[in-house]
Amino acid sequence: MRLCKRMLEDLEQDLRDHLEMETQDNIDRGMSPQEARSAALRKFGNVARVKEETRAVWSVVWLEQLLQDVRYGARMLLRSPGLTVAVVLALALGIGMNAAVFTFVNALLLRPPQGVATTNKLVEVFLHDPKGSGVQSYLPFNYPDYAYYRDHSKSLEGLMAFDGDGQEAIWNQAGTGEIVHGQLVSGNLFSLAGVNAVVGRTLSVDDDRINNPRQVAVLSYPFWRQKLGGDPGIVGKTLMLDGAEFSVVGVAPAGFTGLMVGAAPDFWAPLTTQGRFTHEDQNRLTNRHSYWLIVAGKMRRSGDRKSVQAELQVLAKQVYVAQKSADDFQDARVYPLTLVPGPFRGYVGAFTGGLLAVFVIVLLIACTNAASLLLARATGRTREMATRSALGAGRGRLMRQMLVESLMLAGIAGTAGMAIAWTTARLLLELKPADIPITLAIPMDWRVVLFTVAVSLATGVLFGLAPALRASAVEAARVLKEESQSGDRKKARIRNALVVVQMAMCVVLLAGAALCVRSLINANAIDAGFDTHHIALARLDPGNLKYTPEKVNEFYARLLERVERLPGVISASYAEFLPLGTSRSEMSAGKQLGKDPSAIRVGVYRVEPGFFRTMGISLLRGRDLTQKEADSDKPDAVVINETLARSLWPGKNPVGEKIALGGEKEMSQVVGVVKNGKYRSLGEGPLPVVFRGTIPAARTLVVRTAGDSRTLLGEVSREVPIVDPLMVATGVQTIEEYMALPLFPARTVGWLLGVSGILAVVMTTIGLFGVIAYMVSQRTHEIGVRMALGARRVDVLKMVMSQGLRMTAIGLGIGLCAAFGAARLLSPLLYGIGANDPATMTSVAIGLGAIALTACYLPARKAMSVDPSVALRYE
Amino acid sequence: MSTKEQKERIELLQGTLDLLILRTLQLGPLHGHAIAKAIEFRSDDVLQVEQGSLYPALHRLIKRGWISVEEGTSENNRRAKFYRLTAKGRRQLAVETSKWDTLAAAIARILRPGEQESES
């Protein structure tokens, strides 16, 4: 405002000139110079006031008043530092936990993957079975469909694809092998996603020609730095990957880990080189039934998701008509591109939404705490408010003063909350099982900041509103006249209600937390059906080395022989994969070949002899598979579990019976029955399962030891290259580490609810204590009178305690009702415990009651020791 | 003191000072002291303007864009600020004047009901 500045700078001179002119006029009228001057001044009025009023014209009044309020508020907050710290700490924890969860929501569901430019124009496309429902009805793309969409879509600038599972490859270097992770991507992916190489170039469409694929690779930044020492001349050098030479064309930027959560590839190679990596499925590029591609598109500048969806639906119909096959029609669905693939967004959203709900309750408890503490202080400030109002401050001004103070508190808490969120988010990542190769970046971008600011503001208004309304409603005359500060009845009612609400919310959280923690203890003790101790595991995949089946078998036989001879080893065996992992295989099983309506779906595990003994799975009837049966191409013999035995041959001994497995031409003989176990998740009911031979080349080695399985890990890894120098064992871990994955959901939820429960208890205790202590201090006078009139100390104690306990009881009652309702939402996560477990609920109620009793007793004891003579003199 | 010599004076109603300034400037640009003198003179010294209160009002009008300010030379050859009515101010003056007329007429009707009735 230059005009303003100029006008105010000249003001002094203008006023002087004015006065001089007036004086001159008066002299002209015949006054003496002195008289003329004083007359001019009189006529002009108060010069200082004029200056001030003139300045006020230009100043933004509300801003100045706001600054005043802030200065005043800061003084008030500093005057009671204990209260300020308590409120800020409680709020900071509440806000921080919410912001931490939101950081994950943001990273997974809201923001586009890191390192990707042209963000809001990217979409993800999935095939969808219109008849299906849930996640199962969505499919990744097959290559022919992808190529058709890519070549025919007009609303998209381009359609890119990458292989959703990732590829493991053995990187051979100077006589040793190392497992590296690769991702196959379409040639246009880097340019469409706007990702530029930091060294060399990224992949191009020319690298990815289906009839002439180039064996080139782009390296990830961490791989280049850590494994290749950041070699600046890396471009043009070759890497031996799965026995094929790939020449390095460039290095991707540091933050880029691809377009999907869970993958952190070491290198990217063209899609069309897939034959170099996957040996089982050489015709993936032409096979319509191999669904392996995650497809993403970049919309044209003018495009939106709706028009893309409409166009892709048309393309889906064209594909269907052109194919003339008997397959079902497959629709295409469009989602915004985020780290979590579209169809799974609902699940992740529900999970994180649930967590947010929990922490919103924690925040609400913190809010009620802050509100009741401020209310208590507001009573102490009644006189201050009355004085200010008597001096002419409007109601709005008083209210604003109080709101400014609470917003200042919330602002400080929000800033601290950001720091808490930052650390908490990183701690939460630590809960992730080590063997999930997920590197998740959780950046604090503007969305997180915006969320935190919004939450802080809302919090400030929420807990500040009640005290502000009460404070501004003072009747100045009445308050100033009355000498004693009799506690306002209405105010006390609000505070009591807040304590009750707090107690109720605390019960809900604590009940949830207790259920989860108990269920976690149960889950750790749950019988997985196999031994969860003294077992070491290692993944092996010689398929990459293109060995013949005989050579593969020879390798495994020699490795087993060596491992079994290690000190402490009791037994060892192989399985395709273990139960409760990420892999699963199913087929139908019945009592007759061909179409059998009575056939049921069973889980299938391919194992070698000795598996049951090594894993500690008890054999109930019959015998284990023999080596000959296991090596046979046909499943001559199988072992089944109890559940399958009971459903196919109820009440009979199934050993010796014939079973028909889906896709097989001959019946198999049941040679043994093993005890039930858990296969998909720890919470599941009994499932039917078949164990058979015909194990593929990629296997898990299981080793049972008498001692600590951890000491065995190094030895097992060392044995592998001794048998075959080109082989590497991956995923070498103890069974305890392996079990971290199935326990993960319960563990995370248990941790988070446990933390939130403890926070809730602490805050509620402080709240209750504060209110009772305040009540006692307000009633010191009354208590003194009572005691002077002959009330015994016990009566005083009873009076104070009964008030606190009444609030506690009401809160507990409401809370328990709510907890019974809320616990139902938790039931899918609970193991071996009912959602309405009476023991848990009772102990929560008793525990909280005991804490409340203590919180009331301390101030009550103080009340008891009131000296009547002192109290009567008190004000 | 000089109060005795002066005629009976009337305090200005709040807000009317703005109107008077605008009206005065309609005749042409003037500096601060001249405005004060003009108001006093034109009202036959009945309206008592505390001359200082002119300045907050002038600044207020400048801020609203109803008058502009320019440098000039006063009658006794001194540099002074001259205030000039803007087009926006001219429109505002019309609005304010008609508002004032309505107000004055209304007050008059209340104070002298008889006369008003006979007039209409």
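Just so it is clear, glycine is given a Cβ too, placed from its N, Cα and C backbone atoms.
Pulled from TrEMBL:
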- A:84-312: domain 'MacB-like periplasmic core' (DOMAIN)
- A:85-110: transmembrane segment (TRANSMEM)
- A:347-375: transmembrane segment (TRANSMEM)
- A:357-473: domain 'ABC3 transporter permease C-terminal' (DOMAIN)
- A:407-429: transmembrane segment (TRANSMEM)
- A:449-473: transmembrane segment (TRANSMEM)
- A:494-515: transmembrane segment (TRANSMEM)
- A:552-678: domain 'MacB-like periplasmic core' (DOMAIN)
- A:751-776: transmembrane segment (TRANSMEM)
- A:757-867: domain 'ABC3 transporter permease C-terminal' (DOMAIN)
- A:807-827: transmembrane segment (TRANSMEM)
- A:839-858: transmembrane segment (TRANSMEM)
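At the 8 Å Cβ threshold, with sequence separation of at least 6, the transmembrane segment (A:407-429) lacks contact with the transmembrane segment (A:494-515), having fewer than 3 such pairs. For the domain 'ABC3 transporter permease C-terminal' (A:757-867), the number of residues in each DSSP class (helix H, G, I; strand E, B; coil) is 95 helix, 0 strand, 16 coil.
Contact between the transmembrane segment (A:751-776) and the transmembrane segment (A:449-473) is not supported, since fewer than 3 Cβ pairs fall under 8 Å when only residues 6 or more apart in sequence are counted. Among the stretches A:449-473, A:494-515, A:839-858, the one making the largest number of Cβ pairs under 8 Å with the transmembrane segment (A:347-375) is A:494-515. With DSSP states grouped into helix (H, G, I), strand (E, B) and coil, the domain 'ABC3 transporter permease C-terminal' (A:357-473) comes out at 96 helix, 0 strand, 21 coil. When Cβ-Cβ distances below 8 Å are used as the criterion, the transmembrane segment (A:494-515) is approached by residues 358, 361-362, 364-365, 368-369, 371-372, 375-376, 466, 470, 750, 753-754, 756-758, 760-761, 763-764, 767-768, 771, 774, 807-808, 810-812, 814-816, 818-819, 822-823, 826, 830, 833, 835, 837, 840-841, 843-845, 847-848, 852 of the same chain, each at least six residues removed from its ends.
Secondary structure of the domain 'MacB-like periplasmic core' (A:552-678) per DSSP (helix as H, G, I; strand as E, B; remaining residues coil): 30 helix, 40 strand, 57 coil. The domain 'ABC3 transporter permease C-terminal' (A:757-867) scores a mean pLDDT of 81 in the predicted structure.
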